[in-house]
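Per Swiss-Prot, the features are as follows:
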- HIS564, HIS568, CYS666, HIS670: Zn(2+) binding site (BINDING)
Amino acid sequence: MTSQLIKKIVTGDEIRNAFLKFYSEKLHKIIPSASLIPDDPTVMLTIAGMLPFKPVFLGLKERPSKRATSSQKCIRTNDIENVGVTARHHTFFEMLGNFSFGDYFKREAIQWAWELVTNIYQLSVENIIVSVFHEDEESAKIWSDEIGIHPDRIVKLGEEDNFWSSGKTGPCGPCSELYYDFHPEKGLQNIDLEDGDRFIEFYNLVFMQYNRDPNGKLTDLKFKNIDTGMGLERMAQILQKKQNNYETDLIFPIIQKICEIANIDYFSSDDKNKISLKIIGDHTRAVIHLISDGVSASNLGRGYILRRLIRRMVRHGRLLGITNEFLPHIASVGINLMQNNYPDLKNNNDLILNEIKIEEIRFRETLERGEKLLDELISSGQKLISGFKAFELYDTYGFPLELTVEIAEEHSISVDVKGFEEEMNVQKERAKAASSNIDLTLEGSLEREIDVFNKTVFNGYKSLLSEAEIKGIFLDSTLVKEASEGQKVLIVLDQTTFYGESGGQVGDIGTIFSNDVEVLVDNVMRKKNVFLHYGTIKKGKLTIGQKVKTNVSSSNRAKAAANHTATHLLQSALKSVINESVGQKGSLVAFNKLRFDFNSSNPISKDQISKIETLVNSWIMENHSLEIKNMSKSEALEKGAVAMFGEKYDDEVRVVNVPGVSMELCGGTHVKTTSELGSFKIISEEGISAGVRRIEALSGQSALDYFSDRNALVNQLSDLLKANPNQLFERVNNLQAELINKNKEIQKMKDEIAYFKYSSIKSSAEIVNSFSILVNQIDGLDGNSLQSAALNLTSHLGNKAIVILGGIPNPENRKLLFVVSLGDDAVKIGLHAGKLINEIARICSGGGGGKPNFAQAGAKDIDKLSDALDYAKNYLQKTLASHSDK
């Protein structure tokens with residue numbers, strides 16, 4: 001056979017290249033991997049190899065060719081808890097696929113799949129089992145009669161296993177799956193394909209041949225399609241003869257680096273450590289690709305998925321004993337491992353490592369905040385931390401459950417683990433519903449309804465007024481033929497002068513009108529190049545086909561144009577003042593302000609903000625004329641045009657150029673000259689997530705109004721402080737100095753009171769077995785003063801001191817404070833201030849915690865203060881007497 005002449009394929013790269021080469025020779029067009037950020041609004045991430053082809057399968061987009069093949073990077077997080085636990089679950093994986101769009105069907109798909117796995121990958125027939133849908137006799141016959149597989153190797157399964165569908169309605173069809181048998185010696189009787197130790201499914205052939213209507217009836221599709229998927233990691237496990245996917249050359253080099261940092265050996269590690277190693281190895285691949293595709297860590301959407309993955313990596317690093325920052329070192333290995341097939345990883349190397357570093361540092365700080373929140377829960381006197389609270393600590397603060405349980409147990413508090421698991425299951429179900437299905441149905445939503453419309457022609461760059469024809473009217477997302485006065489509508493036109501919200505710029509407002517109708521348009525959105533005009537009918541009736549005119553508000557368009565041009569100038573100024581690597585992470589161009597999000601690990605100083613404002617205003621005064629041209633994307637990038645990181649652009653792009661200042665790819669509206677902006681003012685700068693800063697600014701009339709309001713405020717302050725505007729700074733400084741002096745005097749008086757009070761009781765210490773016990777009530781001191789008194793008493797009494805103070809700071813508030821301070825020798829015999837104070841405070845319906853030598857607590861029941869202090873004294877006397885007996 002020809003397989004004897006073919007080089008043995010083993011490595012992950014060889015498997016991928018062989019697959020693409022094989023189908024390329026079968027006249028399939030090789031399609032590069034799409035981004036992990038899909039064009040499809042119904043899914044958050046690219047979760048399957050076929051997702052980039054979904055519009056083709058639906059007939060909404062022209063097919064790239066009749067046949068296609070790809071190696072598509074994918075991410076799924078719906079089974080994240082199984083990652084590292086099973087041999088084959090991953091968040092990041094590569095799906096090899098071959099696709100037919102109305103060309104070949106079952107026979108060729110099966111024949112070529114068999115040729116690939118037996119001739120190219122050289123798998124033995126003895127190791128292959130095939131499954132088919134139990135009603136799909138056609139596929140079963142092809143496998144047995146034409147391929148020659150023995151019927152005992154063909155397993156017929158039901159609809160749940162071998163019938164693919166995108167939803168309750170839409171395209172669907174049977175599928176046939178290829179399984180690898182690791183133990184063929186066990187024979188072919190009573191085969192159970194669910195036996196994960198023996199079988200692994202590695203190639204799925206979907207025969208998309210039916211359309212299912214709402215009644216469940218199946219009818220043949222006009223064009224039958226093929227959609228296949230082969231997991232690269234699974235095929236690597238098979239060909240490299242490994243126990244699991246993680247030990248293949250696709251992931252194991254990352255795991256080896258983790259072992260080096262943790263100073264452990266993978267093969268001699270226990271199961272718990274191996275799971276942590278696998279999780280970090282898997283998540284590393286997901287994280288570097290997400291960041292490279294433009295995702296930044298945040299608390300929303302894709303950003304939250306990225307943040308969660310990074311936090312899991314840090315957590316499992318801690319479980320392995322890694323206490324220092326380590327993720328950038330791991331990520332570098334992942335980048336080096338995959339950059340040949342994904343050059344974007346190399347190009348974005350610095351960005352990836354910086355994002356990971358910042359997020360790791362931030363999470364370590366978050367862990368500290370989580371510990372503080374946990375301390376508050378413990379201090380509240382609760383004897384049980386609810387599952388909801390434990391899950392909040394885990395989900396919001398990234399605080400591991402086992403850490404919550406461990407700390408709670410130190411304070412004799414239980415954690416509702418079952419309740420935590422219930423909350424976790426609720427989240428899992430939400431995740432599955434959001435991320436595991438690819439919707440190919442066409443009914444029921446605005447997203448699908450607009451597919452029937454042609455692209456809206458936008459002619460609003462040169463004119464604000466034009467004629468148009470109504471092509472669609474929506475009421476409550478339902479397509480209707482007409483609408484009447486008073487109704488809120490969504491209108492689709494054949495052409496428009498209204499700018500549709502995109503690129504951060506808000507949609508225009510204005511009117512759509514004719515002689516007998518008027519619609520006030522308050523927003524315009526753009527979806528799939530169809531402009532959606534939202535408005536209210538003020539008079540008349542709208543009908544499909546009606547001729548109307550569009551009239552955009554010129555004043556608001558001018559404001560948006562000024563703010564959009566100002567945004568471009570701001571980005572150039574940021575690059576000049578801070579760093580050339582500054583890039584846009586998001587923006588808002590509204591009528592009254594602009595907002596710009598950008599990558600920066602450090603806050604922007606006041607001096608830098610001043611320089612940025614000065615630079616932008618100098619460009620405004622220089623009166624630069626803008627040049628706007630359409631050109632190919634490659635030409636624009638060669639000329640130095642700035643593109644937003646992670647944004648998708650057509651082959652032809654619009655370039656907005658302020659010569660010598662700024663050049664960007666942009667579809668927004670702009671002024672003709674920079675002097676039209678008038679002035680520019682930054683009103684705020686803040687961090688919004690790890691490594692991302694936000695600037696809000698004003699231009700034009702909004703900036704002038706801001707200056708006017710500030711001037712009025714200065715005049716009001718001048719009147720209030722009885723000082724001229726130029727004397728305000730000196731006047732406020734003097735007032736601050738006076739306030740500081742007054743506070744010092746007050747604190748001095750508090751310290752004197754505290755000194756007097758603790759001096760009056762320090763001689764009342766009781767000696768028990770050589771230890772000095774001082775338990776007393778001191779009222780009228782705040783927390784700081786009570787703490788100071790306890791520490792001074794401990795210092796006075798020495799290493800064998802045991803000081804417990806309780807008091808009422810203010811009788812009107814009816815709250816108690818407790819402080820426990822122990823000398824070194826008291827700690828050595830086993831006393832723990834944190835545990836002791838918790839028991840004392842509970843008597844008064846309170847709680848607290850702290851370190852072995854010092855702790856503080858709060859409580860509510862002031863009537864039981866004496867009982868609490870008596871308990872403390874009796875407990876110490878018994879404990880020390882017991883220590884004496886020993």
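Just so you know, the numbers here start at 1 and follow the chain as drawn.
Using N, Cα and C of the backbone, Cβ positions are placed for all residues, glycine too.
In sequence order, GLN505, VAL589, LEU594, CYS666, GLY668, THR669, HIS670 make up the list of same-chain residues 6 or more apart from HIS564 (Zn(2+) binding site) whose Cβ falls under 8 Å from its Cβ.
Take the CB of HIS670 (Zn(2+) binding site) and look out to 10 A: across all protein chains shown you find 23 other CB atoms.
Report note: the Zn(2+) site is defined by HIS564, HIS568, CYS666, HIS670, and the residues of the same chain whose CB lies within 8 Å of the CB centroid of those residues, excluding them, are ALA561, THR565, THR567, VAL589, VAL656, GLU664, GLY668, THR669.
Around the Cβ of CYS666 (Zn(2+) binding site), the number of neighbouring Cβ atoms within 10 Å comes to 25.
DSSP assigns HIS670 (Zn(2+) binding site) to coil, not to a helix or a strand. Counting every protein chain shown, 26 other Cβ atoms lie within 10 Å of the Cβ of HIS568 (Zn(2+) binding site).
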